[in-house]
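Per TrEMBL, the features are:
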BINDING   D35, E60, N87, D113  S-adenosyl-L-methionine binding site
BINDING   K117, D149  substrate binding site
Amino acid sequence: MRQHVNPLSINFNQIERIPPLIEMFDDPRLNLHLDIGCAAGQSLFNLALVNTSWNYLGIEIREKLVKTAKLKAREREINNLYFVFGNAYNILNDVQNKFIIKNVKSISFNFPDPWFKKRHYKRRVVQPEFINILSNSLQKGSLIFIKTDVKDLFDYMDCTISSNLNFKKIDAKNFNYSQSFNPCEVKTNREKYVIVNQLEVYKRIYMKI
Ligand SMILES: C[S@@+](CC[C@H](N)C(=O)[O-])C[C@H]1O[C@@H](n2cnc3c(N)ncnc32)[C@H](O)[C@@H]1O
């Protein structure tokens, strides 16, 4: 079941500072993947356990989920996984936190909240200003992965990212995942639900050029 939080609420104006890489991960030199809207982080736990040659950072706006995920990662001593609470846009737009974008190799937006009503579109996480921030700081060759089961949201995200001339589309169908953050193509919770219910998954990959 989807649980919506209004990301534009003033509750999210306060920003969590992202710690330096060395404080978040055992080996800060590893490739870093950023997952935006990771919910309880189940897929990130699966990824981090299997792919120990990558670091994973999840950003999620539901504080309780982040607290639980952080605790779980610490208890299980998973040292290539970290979680940050808040509105991803506010967090990554913050001067102190911008360093993280320079360090990420890839970013995923997996099944973001669709906000179906037109007057709520501004609550969608993928926005031109957000993509601008990413395009200004990402290293060339970095990738953005989007996935959703909502065609309208897919078109909206695709249009928003494609309108930024610093990104070009990659062929997602023939993409070789073996060298990516997700070599075993681990599915998120929403993705599992979508597959079981035989709904369509719309996905695309973009590269910073
Ligand atoms: C539909 S769920 C998908 C969760 C997961 N990615 C998956 O595929 O199963 C969308 C998630 O994004 C989070 N979210 C929505 N807007 C956000 C924002 N601006 N910043 C961070 N997280 C956000 C929601 O709280 C929710 O957990």
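Each Cβ is built from the backbone N, Cα and C atoms, and glycine gets one as well.
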Compute all pairwise C-alpha distances among D35, E60, N87, D113, the residues listed as binding S-adenosyl-L-methionine, and give the largest one in whole angstrom. 14
If the criterion is a C-beta within less than 6 angstroms of any ligand 1 atom, which of the binding-site residues D35, E60, N87, D113, K117, D149 pass it? List them in sequence order. E60, N87, D113
For S-adenosyl-L-methionine, residues beyond D35, E60, N87, D113 with C-beta within 8 angstroms of the site's Cβ centre include exactly P7, I36, G37, C38, A39, I59, I61, R62, A88, P112, V125
If one measures from the C-alpha of D149 (substrate binding site) to the C-alpha of D113 (S-adenosyl-L-methionine binding site), what distance in angstrom results, rounded to a whole number? 10
Other than its own, how many Cβ atoms are within 10 Å of the Cβ belonging to E60 (S-adenosyl-L-methionine binding site)? 24
Do you know offhand how many angstrom separate D35 (S-adenosyl-L-methionine binding site) and K117 (substrate binding site) by C-alpha? 25
Comparing local Cβ density (other Cβ atoms within 10 Å) for the binding-site residues D35, D113, D149 points to D35
C-alpha of K117 (substrate binding site) to C-alpha of N87 (S-adenosyl-L-methionine binding site): distance in Å? 20
Just to be sure I understand the packing, how many Cβ atoms besides its own are within 10 Å of the Cβ of N87 (S-adenosyl-L-methionine binding site)? 23
